[in-house]
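Colleague: So TrEMBL has the following annotated:
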COMPBIAS  1-17  compositional bias 'Low complexity'
REGION    1-22  region 'Disordered'
TRANSMEM  32-53  transmembrane segment
TRANSMEM  73-95  transmembrane segment
TRANSMEM  107-128  transmembrane segment
TRANSMEM  155-177  transmembrane segment
TRANSMEM  184-202  transmembrane segment
TRANSMEM  208-226  transmembrane segment
Amino acid sequence: MTATNEQTNEQTTEPATSAATDLKPQTRFRRIGGALSLLGAGTLTCVSLLMIPYQNETHAEYLQTGVDHKSNILWAAVVLHFGYLLLVPAAFTLVRLARRGAPRTSLAALLLAGLGSGLSGIIVVDFYDVALANSLPADQALEIWNLAGSYGQGAIIAATSVFGIALGINLAVYAAWRARAIPVYPLVLNVVGWVVFTLFSGDPWLPSIGTGLVAIGLGWAGVVVLRMRDDVWARL
């Protein structure tokens, strides 16, 4: 009887022990890193917009903001750079969750997010805008700013970066939900937030509200990943 019990216990504990042994050392690091990128991406993006009292209904007002709130603009650009930068590993983390449950969708999200990885680099343009606004008369600064914006090549880079990361991160959230790795609420919050941010970019407050919704949605997904067991993460 005792021998039978010992044999049963060995059979019961063997799979759990084997699963724990098979985990690679970097499994927890990747899971926690992915969770932190989800928590940080939307949060930093939202904080950066809250730092800027934008009045950008016209191009002239946009440039004047760089004169009236120079320090805010420069520091907000730094914060926004890291926020946009973290959107890439955040998207990759969601793709990791969905790679088996929604492989085609997650692959498309991966490609789009990779295409949009240059978005954080575009933020450096803010420093040139501030320099223009502070070193030249308003009419000359506006003339040069309009000339720079008229080059179609720059529009190609900006469009692919902006739409790439926007579509990529939303598709990644959708893929993770479709794979049943996260609940539906992060998807709803993320999509609504990006729509508000995009359609009302000239409003003083709505872009901040939109990125706030994105921050909550991505943060929610980040908490799911953070609370996930390492063996579950490894199986996904």
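Each residue, glycine too, has its Cβ placed from N, Cα and C.
Just so you know, TrEMBL annotations never went through curation; they're auto-generated.
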Colleague: Where among 32-53, 107-128, 184-202, 208-226 do we find the most Cβ pairs under 8 Å to the transmembrane segment (155-177)?
Modeller: 107-128
Colleague: Determine which residues of the chain contact the transmembrane segment (73-95) at the Cβ level, with the cut-off under 8 Å and only residues 6 or more beyond its ends counted.
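Modeller: Those are 33-35, 37-38, 40-49, 51-52, 65-66, 106-107, 109-110, 113-114, 116-117, 119-120, 123-124, 126-127, 130, 165, 168-169, 172-173, 175-176, 181-182, 218, 221-222, 225, in sequence order.
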Colleague: Between 107-128, 184-202, 208-226, who has the most Cβ pairs under 8 Å to the transmembrane segment (32-53)?
Modeller: 208-226
Colleague: Excluding the flanking five residues on each side, which residues at least 6 beyond the ends of the transmembrane segment (208-226) place their CB within less than 8 Å of a CB in that stretch?
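Modeller: Same-chain contacts beyond the ends: 31-32, 34-39, 41-43, 45-46, 49-50, 90, 93-94, 97, 169, 173, 176, 181-183, 185-190, 192-198, 200, 233.
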